[in-house]
Amino acid sequence: DWHLDMQLTGKVVLSAAALLLVTVAYRLYKSRPAPAQRWGGNAQAEAKEEAQGSGQPAVQEASPGVLLTGPRRRRSSKGAEAPQGCSCENPRGPYVLVTGATSTDRKSQRKGSGEERGGQSSDSEQVPPCCRGQETRTAVSGNPDPPHLPRLGSEPNSSPAGLIAAADGSCAGGELSPPQDSKPPEHPGLGQLEPPHCHHPAPLQGSSDMNQSWVFTRVIGVNREEAGALEAASDVGLTLHQQEGAPNASYTFSSIARVRMEENFIQKVEGVEPRLKGKVYDYYVESTSQAIFQGRLAPRTAALTEVPSPRPPPRSLGTGAASGGQAGDTKGAAERAASPQPGPSPSTRGFSRKESLLQIAENPELQLQPDGFWLPAPPCPDPGALPGSGRSSQEPHVQLVAGTNFFHIPLTSASAPQVHLDLGNCYEVLTLAKRQNLEALKEAAYKVMSENYLQVLRSPDIYGCLSGAERELILQRRLQGRQYLVVADVSPKEDSGGLCCYDDELDVWRPLARLPPEAVSRGCAICSLFNYLFVVSGCQGPGHQPSSRVFCYNPLTGIWSEVCPLNQARPHCRLVALDGHLYAIGGECLNSVERYDPRLDRWDFAPPLPNDTFALAHTATACAKEIFVTGGSLRFLLFRFSAQEQRWWAGPAGGSKDRTAEMVAVNGFLYRFDLNRSLGIAVYRCSASTRLWYECATYRTPYPDAFQCAVVDNLIYCVGRRSTLCFLADSVSPRFVPKELRSFPAPQGTLLPTVLTLPTPDLPQTRV
């Protein structure tokens, strides 16, 4: 809905520009010298001819003392339409202001005015009921000076400044009091002024709708001299429509700007043949836009919709439209129009354009509310008050951006972690934050995406719309932080298990999470990918049935989930992460390999191990974009798999005949740990490119326990049931750290180490 809000507020800017345009045109016209030729008694006839030449209908003929009615101007508001046979426009229409009349004409005008008033008052009783509103305005039109139009001076060359100042009054804000002197205008002329259409709703009993219209009108300049005429008007309308008890609201915005200028270059007409008399410039701009907002409105909206729905035809503000009486009461309407009126009553609903903008800015319910997220409201004694309604630096404000007004949502870095976001609206919120340049909101959207990276990766509506830099950004933010050694204690006998992390600074073990009962199995394998912990099941239940289920743990949210299962069960397999994929290698009596694509959430078969070799009790690691497999049933063999070429190579493993316990990769080197009952632990190293093995370190201990390894930076942790060793994988002098670390507390089953990046305890998490 942001483009609807831009259209709505853009009309206000258009109206302001129209006002400036017509003001400059009026000043330029006034600076031109006017001819001294005065028009005689044929002024009305020439006015008709000029109106016909310019495409405008001629004004109606009436007595000189009565303001003549002419063609009705189109109205931009479409909220209410009049029924057939009853005009909903202002019956006064364009007014004809005549200048340069003689004293004899003035007397006849006064006399004709009185006769006309008498005729109108007597005929007002016979008006059909469908035009009662028009009858009231016709009776009032007998008054020489309408309530909302000033009376011109008695001098023919009087300045129009007084007229402009009087016409500049707020037509929608109230009624202007008529002058005490009720004399008719003494200088009839040919200048035409279209009065602003003041839409003021009349109360309607039994209506279930609540409508309200505001029209902000400003007459820029009205002037008529002997050689030309200038008229300019600008209307701005805002209509609010809301069904009673319904959450939807409709806003209709209309803007009209019109400038008309007449020029006459012929000072003296010779002959009766038709000739060029002058030029007519007519500029007319009308625009209408409508916006419908869905959602609940705050109680403060009732202050704007307390007026009942308007009843067509709407009455002019000068005839007492705010009164609750009948529109057909001609006598009462005439008395109200003729008597001096005080200031606008409190019940009169009138606003200027500035007040309307300020009211929209102070009422967030009238602004564009992004769906799907909310901002927490500060503690406030008034439960009906909305956040941002107070006078502070955080209140909504209007900013001019590329010529259009936008309402900014206040958001600070402190409130960013409290923003309610989810995967359904995070991309829309990110788009809004980019458009409004809200850094805190943008960071919050990136945070949600990084914390739920797998879900974002599988959603084409989110991940497919992100740029390459944004995809890398949310992944790197997920991997930012401190890496910890995480060990899974899997005890199939007790059908329980848990995760613990090791703090090397304090040399303590801390519990992290519990394993779900479905993930506890014998011969399972674990691995980390994108800072997620994946667990591939082994054999479950009392009968040790092989299972193909795969589970996933998100350490940033603490949520366990189940992903796509394997195509076949693989107890005692090895799980390796390479190039954003998981590889399940071997298993009991298996030489096949499966690859998991996290974006598609699917397992596919990869090229099997060469020579139909079964891999059991083996070890595997990834180094230099290749997978290396050795140990167990693959004694004296080293298999190498290229993910780019999708093929395996077999080669000699080298080293001794001792049993290989583990093999890991650090900084382009492979480290293999062999166990010897009498000598202890021997470490062999080779480069991934040269594949030349040599012994680099030893750890002398009799009867060493079996262990498994995990790499944190350049430290290799060897985690066993009774001890935990640390090996420094230095490129020059690799060695064991002399200090023995604290062992895993009370192990219940098999210990499976891995590495995860964990959030700090004081870091607030976004609610998902």
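The backbone N, Cα and C atoms fix where each Cβ goes, and this holds for glycine too.
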Site from N248, N611, N676 that Swiss-Prot describes as N-linked glycosylation site, others unannotated there: N248
Integer mean pLDDT for the repeat 'Kelch 1' (319-365): 43
Secondary structure composition of the repeat 'Kelch 3' (532-580) [DSSP: H/G/I, E/B, coil]: 0 helix, 24 strand, 25 coil
